[in-house]
Amino acid sequence: MYKKAALIFPLALISQLSLADWVKDATQQNENQVIQLRQHIHEYPELGNMEFKTSALVQKELKSYGIQVKTGYAKTGVIGILKGNNPGPIIALRADMDALPMEEKSGVPFASKHKAIYQGKETYVMHACGHDAHTAMLLGAAKILAANKDKISGTVVFVFQPAEEGGTDIDNFTHGDQIGSRKMIADGAFKDYKPEAIFGMHVMSGMKSGHLYYKDGAILNSADHLRIQVNGKQVHGSTPWLGRDPIYASAQMINNLQSLISRRTDLTQGMGVISIGNIQGGTAGNVIPEQVNMIGTIRSNNEQIRENILKSLPTLVEHNAQANDVTAKVEIAPYAPVTMNNKALTQLIQPTLAKTVGDSNLHVLDHNASASEDFAYYGKLMPSFFVFLGATPENQDLSQAAPNHNPSFIVDDKALKTGTELHIRFVLDYPNIAKQVQAAWKQS
């Protein structure tokens with residue numbers, strides 16, 4: 001009897017362990033399909049607001065998994081609805097689908113040779129920021145979850161969002177609210193099924209493949225677009241006193257804008273960056289022009305600092321203009337607020353991250369990334385969590401790897417199974433922490 005019981009116990013234990021690892025098993029079994037999806041999307045990239053074929057592919061895949069598909073959001077956006085067999089919360093998983101207007105030089109066999117029209121001009125198109133991987137990983141997770149509804153408590157909203165990088169066919173400065181996450185929300189993506197939490201991830205160069213990187217609070221900077229037009233009086237370069245020099249005034253403005261950071265910002269609370277990346281004025285070296293136009297960006301990892309800059313910048317420019325007897329017009333268009341990881345959600349979801357990659361492959365960031373993401377708008381509506389997935393191939397030096405938005409940018413396909421698994425575990429584990437997260441959210 002004793003020997004028989006001893007034999008049964010290990011078998012039972014093995015069975016439990018096998019059940020506990022079903023997510024990894026399923027992810028491993030579906031890895032090749034996820035890779036194939038990603039490589040196909042990579043080879044045929046589409047620009048923001050023009051992701052028609054990508055959107056069609058997403059819809060076809062979701063329907064084949066038995067997932068309810070809803071469209072009509074932000075032009076090409078797709079929402080998938082999967083109801084679990086058990087009661088529980090509604091949560092959302094998000095992926096972006098758009099590519100960038102640049103020529104690929106990665107050298108991979110499935111490199112893009114595709115061209116499209118961007119802002120009225122023909123350009124090459126490349127998935128240089130990993131949105132192909134994001135789409136494929138979420139599709140992979142959707143397939144596995146749909147086949148395991150008996151293990152799901154609640155409802156999953158799969159968000160496939162267009163135009164995170166901006167729209168191809170619109171003025172992104174004046175119509176930025178008509179694309180991306182803002183348009184998804186405005187078009188009612190969450191009207192029928194309102195999530196109480198949302199999760200997102202982003203593949204990153206310069207980070208170890210398959211490793212996860214995160215922090216609570218600010219994870220990405222805000223971003224606001226800036227345009228300044230300075231109008232003076234055109235005159236011969238030999239007699240500047242007879243005109244009003246907008247170039248000289250603009251140079252002062254560029255310099256003085258930095259005082260908003262170095263002298264007007266409490267740098268113990270966060271950071272701010274004002275960058276002028278484009279300045280145009282004049283036609284000849286001996287003519288002081290009538291007008292100068294500048295384009296730039298404003299970024300911060302603190303909403304109060306951001307608001308202070310947005311409030312003070314027009315006044316500073318106006319005073320500079322008055323001092324030089326010219327006029328100035330300032331336009332500011334928001335792209336995204338600070339992307340914030342909800343503190344309670346971040347702390348409580350940490351075991352899920354560790355379960356996915358192991359403690360040695362899980363890294364807490366010392367500071368947020370300097371880029372920006374319109375995922376931030378979802379975080380204004382509900383607790384949100386955004387994590388970075390390392391995607392630099394093992395044979396590459398991390399410091400030498402081509403960064404995101406570079407024509408040589410490469411995503412290691414081996415990292416895709418980590419992202420797929422993490423999406424699944426978000427769905428499985430969130431119901432266990434939902435009450436704590438929501439209680440903290442209501443108090444914030």
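Cβ atoms are placed via backbone N, Cα and C, with glycine included.
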Candidate from HIS367, HIS405 that TrEMBL assigns to the same Mn(2+) site as CYS129, HIS131, GLU165, HIS202: HIS405
For HIS405 (Mn(2+) binding site): DSSP state (helix, strand, coil): coil
Three-state composition of the domain 'Peptidase M20 dimerisation' (226-321), taking helix and strand from DSSP: 38 helix, 32 strand, 26 coil
Which same-chain residues, if any, lie at least 6 apart from HIS405 (Mn(2+) binding site) yet have Cβ under 8 Å of it: LEU100, MET102, ALA128, CYS129
Shell of the Mn(2+) site beyond CYS129, HIS131, GLU165, HIS202, HIS405, same chain only (C-beta within 8 angstroms of their C-beta centre): ASP96, ASP98, LEU100, HIS127, ALA128, GLY130, GLU164, ASN404
